[in-house]
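Contents: one structure, followed by commentary.
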C-alpha cells in the first residue's frame, strides 16, 4: 500500500488549494476526486451562476440605456449560447486547476474514495462515465500520516421530494438547461433560490418562490433584504413565505396554506446537505446532520485527519473552504501553527442589487444612501445603501452594502473589520472623489 | 461693517464643506462665491466629465455585448442629450449644496470677493450675468476673526496661447459643446487631457495628444500608464510626446519637431493655475506660481487666514480640498486640534481602463493580473491588474489598480495603507469568492 505524506479527498476550493499548498511545501500529496476538478463552486455554484447573472444584469442595464442617453434598438440574450460559454469557461478554469496541481507536484486521481479505519483511503473507478478526464481503472488502497477531508456538500432534499432531472431539478441540473420556461417554481428562497429567481425572472419567466421562513434572509440586514425582495417583485417574482410544500401532483405544488402553484419547471433549492457518506471509519465523528466534527485546528476526532470546507458544516462558502484548506496545509508544514480565525467572514448575494456583508450587525450604525454619492448620480445607479455597524467603543464590527457593485466595495469593509478600525479613524481617511469608494467617506 | 466668526471665499468642495461644518458647529459663517456653487469640481471637472465618461464607457461595453452573448442591433449615443442630462445633474447637485448650506445655517452671497488688508472682505456684484442665482446688487465690506480662502484653480494657459472659446477651448468650454468633431487636438496629456481624449476618441473622433513629457503619467506606475496608452491608441488616439507647440496658425498646431497637427477643434489641457488674484493683502504670501503659502495647519502667513484646496497648491484634488476644508473648520471649533495628515492621498484617472492609486510606489510589489480572477472571467473583463507596494518591513504603503471599476476597488487599498497593514495580515483576511474584492486575496 503506497504511503503519502498527505491525502486530500475532494478537489473543490478547499481541497485543491490545500493539496497544492502542501505539495509546494514539500509534502508528497495525493488528491482524489470522483467528479470534476473545482467542486460545486466551480462546476455548479459560484462561477457558473455568476456567469449567467453577469450577462442577465448587463442585459437589464442595456434595457435602461436610454437613462444614459444611449438608444438601443434591440437587445436579445442568446441563453443557449450563454450556457455554452459558461461551459467553456468551466473547462478553462478546470484546466487552470489541473495545471496548478501539476506544477505544484500533486498526484491527482480521478476515482471514488472511501475512508477506511486506520487512515486507509480506498480508491475505486468512479460511478459516472468519464468525460475526458482520465479516471482510475482499478481499485487500490493508499495511506498517509495526514488526511484532509474536503468533500463538500450536495443540494438539499425534502422528505419524499427528490429532484429527478425532469420537471423537478436541483441547481446543478437547472444550470444545464438551455431554455427559459414561462413559469418556474422555486422551493427555498435562500441565496441559491434568489440568484436563480433573479436570472430567470429577468429573462421573462414568471417565478414563484416558496419558503417556510416568515421573512427573507433573516440573518441579513432587514432593510437590505426588503430592498432585494422589492427589486425581484418588480421583475415579476412572487414570494410565498410562511409556506411549505405538502404534496406534488401533476407539475403542481400543493402548499400548507391550501394554495397550489403550477409551473412548467420546479427548482428545489432547500439548502445543502453534507457529503460524508464515504467515511467508513466510525472514529471520525459526525453531527446529527452528517457534518464532520472538528476542533479549532479543524482536526476531526481522529488525530491526523482534518475536515475543511462544507463537509465540516462550519461555513458553507467557497472562500471559507479555501481559507481552511490553506490554513491546515500551512499548519502541517510550518513550525508555528497559524491560528484559524474565521470570525470575519464576508458573504455576497449576487442578485440585482447585490447584497454584500461582513462581520456582525449591531444597533449602532452609520448609513449612506447611494443617492447621496456623486458617482452613483453620474451613472444613474442610485438604488441601494451602505451601512457600517459599530460596537459600543465605536469600533467598526460589521458592514452591509446593497449596490450593483457591492462585491467590489465590500473589500474595504473586510479590511476595516479585520483591522478593528475605529469609526473616527475611517472618517479621517481621504477617499477619492467622485468614486464609488467615496461611499465610505460620506457616512453620517 | 458686519462681522462674522468665519468668512469662506469660494464655494467649491473645500469651501462649501468648511462653511457647512463650521456653521453646524455654531460659528456665524458667511460664504462668498462669484460663480456657481460647487466650484470647478462640480461645474467643470469631476462630476460632468465622469457623467460623460460613464455614458461613453457604457456604449463601449454595449458594442462588445456579444462577448456576453447579447445581440444588440444598433446602439447610438445622443451626445447633445447627454450634455443636457449632465447640465440637469449639475443643477440638481448645486441645489443639494444650497440646501446643505441653508440647513447648516451658512449665509451665502453670490458676488466677487476681494481680500483686503486687516481681514476685510469686500463683495461686489459679480461680473458675469446672473443665471438664476440671486447675486448681490450693491457692494459691501465684511470682516471676521477667521477667513478661509478656497478659491481653487483655473485651466492653465501657455504663453501667447489663450483659449478663445472658438477653435481653441479649455475644458470648461469643451464641456459645453454638443457635437463631436471629426478631429481633436489635445495640448497636454495629463489627467484632464487623457479623460477628454477617452470620451472623444470612443465617439469616433480622431484625437491627437501633444505633450512635452517623454512618457505618459510619469508619476504613476509605468505599466499602468502603458496599458492606458495602448487602450487609447486602440481607440484611435495618437500620442506625440516630447513635443511642444511653437505656433498656432489656421487651426493647425506647429510643433518643435517640425510636424504640424491640423484639427477641427483644439483642447488646451496644460494643467491648472492658481486663482488668487483677488488677494489684495500682501501680507498673505504666495509662491512663485501664485499659490498661497500655508503652514501645517493650513494657516497662511496672516494668523486667522487659512487656505484650503487648489489655491494652496498642495494637492489639486477635490477630495483633498474637502479634507482640508473640514479639518480647518473642525480645528476652529474643537478643543483638540486635529492633525492634518495628507500623506495618504488616493487618485483616480477615470479613463477606460481606470487607473486608481494610493500611497507611494516601491521596488517590492505583489501583483495579480485580473485574468486570474474568477469574477473577471465571468464578466469577460480581464484586462488590467492590481499591484500592492511594500516597504522593507512588508508594510503595505501603496497600491495601483488598473480596471474598469478601479474607483470602487481602491477603497480597500485606502484602508490598507492608512492602517499600515502588513502584507502577511492581508493574506489572512478572508475575501468573498467570486468577487472583484478577491483580487486582494489572490496576490502572489
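Each residue, glycine too, has its Cβ placed from N, Cα and C.
Note that TrEMBL annotation is computational and uncurated.
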One of A:118, A:236, A:258, A:271 listed by TrEMBL as binding NAD(+) at the site of A:188, A:189, A:190, A:191, A:192, A:193, A:194, A:195: A:271
Cα-Cα distance linking residue A:433 (active site, proton acceptor) and residue A:50 (FAD binding site), given in Å to the nearest integer: 29
Residue A:310 (FAD binding site) versus recorded positions A:188, A:194, A:271, A:433 - nearest by Cα: A:271
A:41, A:46, A:50, A:152, A:188, A:433: the recorded positions whose Cβ falls under 8 Å from a chain B Cβ: A:41, A:46, A:50, A:433
DSSP three-state assignment for residue A:50 (FAD binding site): helix
For residue A:152 (FAD binding site), the three-state class that DSSP assigns: coil
Listed binding-site residues (A:151, A:153), ranked by Cβ neighbours within 10 Å, top entry: A:151
Residue A:194 (NAD(+) binding site), number of other Cβ atoms within 10 Å: 28
Of the recorded positions listed as A:41, A:190, A:194, the one whose CA lies nearest the CA of residue A:151 (FAD binding site): A:41
Pairwise CA distance, residue A:433 (active site, proton acceptor) versus residue A:41 (disulfide bond), rounded so that it is a whole Å: 36
